[in-house]
Amino acid sequence: MTCSLKLLAGQKKSSPFWTFEYYQTFFDVDTYQVFDRIKGSLLPIPGKNFVRLYIRSNPDLYGPFWICATLVFAIAISGNLSNFLIHLGEKTYHYVPEFRKVSIAATIIYAYAWLVPLALWGFLMWRNSKVMNIVSYSFLEIVCVYGYSLFIYIPTAVLWIIPQKAVRWILVMIALGISGSVLAMTFWPAVREDNRRIALATIGMIVLLHTLLSVGCLAYFFDAPEMDHLPTTTVAPNQTVGTAK
């Protein structure tokens, strides 16, 4: 925990970590800044650095935290509604809310939004010690970028309720293209001075992990067959059931 606090404190000078003022600095952002950053994540501009334009002046955890929380409930609720609509009208189907999807979605989303930035930050620090890159990011800035890049998946998860696989895959490709572009254009300046293969491999891995998150959420929460609600087989009256001797 102390290590993560030091990472977050890398850019902001604040009170000791046991005080309320310490954590308040990470949420010191107004509504205009949050909406401006969300708009920037939805409209990536080629040649424009997302961190430099929106984040560097005041990186925050308020937007990423609530975006991830909203995305968790959007995926879980939409997944339940999608399952309900698919089986609607079936006489053998009895709807049972799957609350476990909330905890599963929370684990996936928050693990991705924190562990991947942590690994990327460590990798960039290691490469910067070998190659002097012009652009560098703090851990808090990387978390910020990843958090805001996930916003596009909130409306996408709601639209995934539509019970058409073709529509769902079109939506996921659009969301992946937008959010993946934000990540690629943001982190390319931080690795372009490195070895060409390493730079391309880094961006490729960032996009690949983002793709796995998108496709994994769609496949698990929306396209996976619901085995718990398959109709149970009944035993015919003329059949006998053997008893164990």
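Heads up, the Cβ atoms here are built off N, Cα and C, so glycines get one too.
What TrEMBL records for this protein:
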DOMAIN    42-214  domain 'Yip1'
TRANSMEM  61-82  transmembrane segment
TRANSMEM  102-126  transmembrane segment
TRANSMEM  138-163  transmembrane segment
TRANSMEM  169-191  transmembrane segment
TRANSMEM  198-222  transmembrane segment
Same-chain residue ranges lying at least 6 outside the transmembrane segment (61-82) that approach it to Cβ under 8 Å: 8, 26-27, 29, 34, 37-38, 97-98, 101-102, 104-106, 109-110, 113, 140, 143-144, 146-148, 150-151, 153-154, 157-158, 160-161, 163, 217, 221-222
Integer mean pLDDT for the domain 'Yip1' (42-214): 89
